Amino acid sequence: MWRLLATLSCLVLLTSARESLHFQPLSDELVNFINKQNTTWTAGHNFYNVDLSYVKKLCGTFLGGPKLPQRAAFAADMILPKSFDAREQWPNCPTIKEIRDQGSCGSCWAFGAVEAISDRICIRSNGRVNVEVSAEDMLTCCGDECGDGCNGGFPSGAWNFWTKKGLVSGGLYDSHVGCRPYSIPPCEHHVNGSRPPCTGEGDTPKCSKICEPGYTPSYKEDKHFGCSSYSISRNEKEIMAEIYKNGPVEGAFTVYSDFLQYKSGVYQHVTGDLMGGHAIRILGWGVENGTPYWLVGNSWNTDWGDNGFFKILRGQDHCGIESEIVAGIPCTPHF
C-alpha cells in the first residue's frame, strides 16, 4: 500500500513541477522543453522578432459566444473511413489546398469561415463554381453581430452574416482577384523574410460596398449566399460525417504558447501561457502513430507549421477543438 502511495505522490510532484515551470513564449527554452517530452509532435521556431502583442492578436476568436441552431444528427448509421483529406476527396476545388494570411489583425474568425465557405461552394457545385470568398467583406461589413473586427469576433456571427447578407469574392492581399481582395498585408513573422515586421497594431478597414476598379460584376451582383448555417454537436463522429458529406468546417480552440511553435506531428498541449481563442478550418482526420487527429488549415501563411497546416488530437475535445464547430450549406446550385 505504501509503495502505491509513494508512486502516486511522485506522479503528483512531477505533474506539479511540470505545471510550475514557466517558459517565455517563442523562446528556445520552450522549444527544447517540448521536444524533450517525447510527446506526439515536434516544436520549432515559427516566429522571429515579433511583438508578443501581435501573436496574441492573431488569436482573435471570442470563445463561448452566441450559438447557431444545432444541426440534426445523421452520423449514427454512416460508415466513415479511418482517414479523410478533403484536398484529395475534391481535387477540383483549389481553395481547399489554399492557406491564407490574416496579417496583423485578429480576423481568424472571418478567415476560418470564408475558407470553409469557399470550399463548400465548390464542392456543392461539383467543381463548377470556384471562388475565393472575401475575408475583407466579412471582416469589414459584418459589424456588431460578428464582434469587433480586427480585435476579435464570433465564428457563429460570420456564418449567420453569410446567410443573411451574402459575401462577395476576394483573394489574397495585392492579388487583384475578385471584388474585394484582402487589404491587410502579410507580415514577416518568420526568419530571413521579405515581408514587413509584425506588430500588434492594426485597425479594422472600413466597409466598402464597391468592387475594386476594373472588376465586374457589381458588388451587389457578386454576392454569394448561404441557404443555412448551423452548429454541430460536440461529437467526434458527427463532425467527421459533416466534413465527409459537405466539406470543411470552421472550428475554434484555446491556444497556448506551445502551439505557436508547432512544426509537425499531432499537437497536444504540453505547457505555456494562454494566448487566446483561435478559429481555423478543419478539413479531415486520420491516425498518426496510433494517435487520432484532426487535419486543420491555419491562416498564418504557409511558412508556419507544416506548410500552413497542423494536426491536433481528435476525440477528446482537446483545448475545446470539438466544442465550437460551425458550418452551413451554400445556395449555389447542386450539380
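Yeah, the Cβs are placed from backbone N, Cα and C, and that goes for glycine too.
Sequence-distant contacts (6 or more apart, same chain, Cβ under 8 Å) of Cys108 (active site) comprise Leu58, Cys59, Gly60, Thr61, Gln102, His278, Ala279, Ile280, Ser299. The active site annotation in Swiss-Prot covers Cys108 (among others).
According to Swiss-Prot, the feature active site maps to His278 (among others), an assignment based on sequence analysis. The DSSP secondary structure for His278 (active site) is strand.
Asn298 (active site) is surrounded by 28 other CB atoms, counting those within 10 A of its CB over all protein chains shown. Per Swiss-Prot, active site is recorded for Asn298 (among others), and the stated evidence type is sequence analysis.
There are 25 other CB atoms within 10 A of the CB of Cys93 (disulfide bond), with all protein chains counted. Under the heading disulfide bond, Swiss-Prot lists Cys93-Cys122 (among others).
The feature disulfide bond is assigned by Swiss-Prot to Cys105-Cys150 (among others), with similarity to another entry given as support. Counting only residues at least six positions away in the same chain, the Cβ atoms of Lys57, Gly60, Cys105, Gly106, Ser107, Leu139, Ile184, Gly202, Asp203, Thr204 sit under 8 Å from the Cβ of Cys150 (disulfide bond).
Swiss-Prot lists Cys141-Cys207 (among others) with the feature disulfide bond. The secondary structure of Cys141 (disulfide bond), as reduced to three states from DSSP, is helical. Long-range C-beta contacts of Cys141 (disulfide bond), restricted to its own chain and to partners at least six residues apart, with a cutoff below 8 Å, comprise Phe161, Lys165, Cys207, Lys209.
What Swiss-Prot lists as disulfide bond is Cys142-Cys146 (among others).
The disulfide bond annotation in Swiss-Prot covers Cys179-Cys211 (among others) and is backed by similarity to another entry. Cys211 (disulfide bond): 22 other CB atoms within 10 A of its CB, across all protein chains.
Under the heading disulfide bond, Swiss-Prot lists Cys187-Cys198 (among others). Cys187 (disulfide bond) falls outside any helix or strand according to DSSP and counts as coil.
Sequence-distant neighbours of Cys331 (disulfide bond) (same chain, 6+ residues apart, CB-CB distance under 8 A): His224, Phe225, Gly226, Cys227. What Swiss-Prot lists as disulfide bond is Cys227-Cys331 (among others).
What Swiss-Prot records for Asn192 is N-linked glycosylation site, and it gives similarity to another entry as the kind of evidence.
Swiss-Prot lists Lys220 with the feature N6-acetyllysine, giving similarity to another entry as the kind of evidence. DSSP gives Lys220 (N6-acetyllysine) a coil state; it is part of no helix or strand.
Taken from Swiss-Prot, the feature signal peptide covers 1-17, and the record attributes it to sequence analysis.
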(message) Distance check, please: Cα of Asn298 (active site) against Cα of Cys187 (disulfide bond), rounded to an integer number of angstrom.
(response) 15
(request) Taking the Cβ of His278 (active site) as the centre, count every other Cβ atom within 10 Å, in any protein chain shown. (result) 24
(message) Rank aside, I only need the closest one: which of the disulfide-bonded residues Cys93, Cys122, Cys187, Cys198 has its C-alpha nearest to that of Cys211 (disulfide bond)?
(response) Cys122
(request) Taking only the Cα atoms, work out how far Cys93 (disulfide bond) lies from Cys179 (disulfide bond), in Å, as a whole number. (result) 20
(message) Through the lens of DSSP with three states only, how would you label Cys227 (disulfide bond)?
(response) strand
